There are 2 protein chains.
Amino acid sequence: MSRWLERPAHVTDNPGDLPKGFKAAGVAAGIKPSGGMDVGLLVCSEPGCVSATRFTRSGILAAPVVLTQQRARQDAIRVVIVNSGNANAATGNQGFEQAARTQGAAAMAGGVREDQVAVASTGVIGVQLDAGDVIRGIVRARGDLREYGHGDFSEAIQTTDQFAKEVEVDVALSAGTVRLTAQAKGAGMISPNFATMLCFVQTDAALDATFADLLLGLCVERSFDRISVDGQLSTNDTVIFQASGASGVTLEADSEDATKFGEALDWALRKLALDIVRDGEGSKRIGRVVVRGGSNEVVERAARAIANSPLVKAALHGGDPNWGRIVQAVGGALTDTSPLAVDVFIESVQVCAAGMAIKFDQDALNAAVSGDEVEYDVVLPGSGAETEVFFSDLSHEYVTINADYTT
Amino acid sequence: MSRWLERPAHVTDNPGDLPKGFKAAGVAAGIKPSGGMDVGLLVCSEPGCVSATRFTRSGILAAPVVLTQQRARQDAIRVVIVNSGNANAATGNQGFEQAARTQGAAAMAGGVREDQVAVASTGVIGVQLDAGDVIRGIVRARGDLREYGHGDFSEAIQTTDQFAKEVEVDVALSAGTVRLTAQAKGAGMISPNFATMLCFVQTDAALDATFADLLLGLCVERSFDRISVDGQLSTNDTVIFQASGASGVTLEADSEDATKFGEALDWALRKLALDIVRDGEGSKRIGRVVVRGGSNEVVERAARAIANSPLVKAALHGGDPNWGRIVQAVGGALTDTSPLAVDVFIESVQVCAAGMAIKFDQDALNAAVSGDEVEYDVVLPGSGAETEVFFSDLSHEYVTINADYTT
């Protein structure tokens, strides 16, 4: 699907059921004005299910994020209840109460304790959510829970997404084969710090919660932390990783199987992260910027500036090899550093050496930037630091989608 | 023109000549493919002319900026030579030499020393400028220098601007009336740190260079530093203030006249800054965000995040009162501060109290955000700090303009 992503040989695409121990459902509960599916329920039947979580760092946290952080055991989540169509953010105590009611109803539906339930929401900010709608959805979803319910679950968590973002793979380990599935959503308000709005990952491998947390942290850093649609940090970003252990295949933290499973999870989250960028609101093309230099802080700042520059993004959209905007973005990010010796390559064609335009084959470059994926390489002074950011373009459709969202 | 701007009573609009001592011209020298005017020449005949300057802080400085910083006396600039159509940025030593040739030719044309000439450029980055073109323009412009040549000069410094940004006023002081004129350009790549790409200001008041520098610094902080079209810092931003002294009216640094002149300059630069936002590429509406709180650094960060948020800008464009995006932008700028008690007002209608949605008159708000100017007020915890940023919306035209600029 992308030249920037290679599926490990021991990971096999295999559409089918959720990993052993999991069931899911998605229903339409009337939260979305469109009447589309808007409540997703995911239940693990294994009492020993372990989990790990990651959340947005926004100063404005949505009620379900606060609730899940405060009232759920991060290492033992068995049930995930999600609604789309309303973010339940900036809704104060009332919003928190609605999230708590939702958590309670989902605990009943899943036959688990309340602190084993994670609540997530996505949609418009600043409108009170009626938990009654979600609870009616939970009741219906409970009767519809199936081993292959993740398709509906995936649909129910979407908002402006144009396509489902899913992983369904088998992972061959020396101790046996485990299954790994994941569902993500997120097309706008995708941020530089922590990107996807929602992502849920399930496996039937058995691993302890500390290792699950370590693994998730590493993989999120290399996936959702490395993408930007519009540089906008969401109030609701939530990633939940659950391992039922029902396969009977145990992963010891330092084993070769653990490494192989880690590779599979890394691939899966990077695939979903790229899917999110590809589905960036109105996106037509994806850019990848790789910045090398002498300081982690400097390469990160430069890469973010390029990935979030509306000028760079609009040029990417237009298939315009206007590399001056790369230079401009770098200069704007690294103020008071002039003269800054920067090299710029677009699709391996060098266009700028030590801050200065050089001759290149314009026709070859024009052709290179007309593809679906465009790679930018920027080299700053020094060495030892390197980072990458994937980003979507800035299109007319982004403006259309975002100029008229609530009304 | 804007409710956010009030012209002081002692400042009178009066279209007419440049201040005494100044002449200007603008010609088409073949740098712009359109054949439009692209070389502007401004000359002060007074040997005692004093000046003050401000430049972009980008890490990538255009050749004319470096040249003017290194080879011109910042306090004694008499001649300004500007070309549009080519920024002469990322052009290395060759670009520097072309800027130096331009400076030399303009010195000849103005009958001044080279270190009394400022050079400025605006346009595409990363293409070598042929000084020969500019010099041919200088030769023609020299023969066309007129007291009322600032209209052509203003046209010659524009790129994607949709309208001229000019001030032509008389300033009544107790010691007599002085004249103040200014020309600015800048519609895209307008930055959070230092905004306008180019602005030239002339007066026939007599003031010393130290006071001129102080005055310009204060006024730039309240004008071009407070606007954002797209958060993109330019490689070429240049502001040059010149005082010929030819009116015979002297401004002592601490006098009442000095204050009154300062008020006039402040008004003039704020007017031009607002013009630049109003002419933001594809702009239809202007937003003003005022943020209050307990720390200068925090209110500044929040205000910039709102002004540069593509979601906020797209909502402004669509006349969509989606205030959740204001909250989201604040939260994204102030990570790890949750719970953050933020109040939000749009056109004085409070929509959010202490981080929580409150009831408001939706019809009144819809009507309020449909105007040409929309004001957002954000109150963070604490008091004593306050800032404002003016910003343009994000439109289809911005995408159209920027998706296909070089090709």
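Backbone N, Cα and C atoms are what each Cβ position is placed from, and that goes for glycine too.
Residues annotated as active site, nucleophile in TrEMBL: B:T196.
As annotated by TrEMBL, substrate binding site applies to B:T159, B:K185, B:T196, B:E281, B:N402, B:T407. Under DSSP, B:K185 (substrate binding site) is assigned to a strand (E or B) in the three-state scheme.
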> Among the binding-site residues listed here, B:T159, B:N402, whose Cβ has the fewest other Cβ atoms inside 10 Å?
Replying inline: B:T159
> B:K185 (substrate binding site) has how many other Cβ neighbours within 10 Å of its own Cβ?
Replying inline: 28
>> Run a quick check on B:T159, B:K185, B:N402: which of these binding-site residues have any Cβ-Cβ distance to chain A under 8 Å?
In response: B:N402
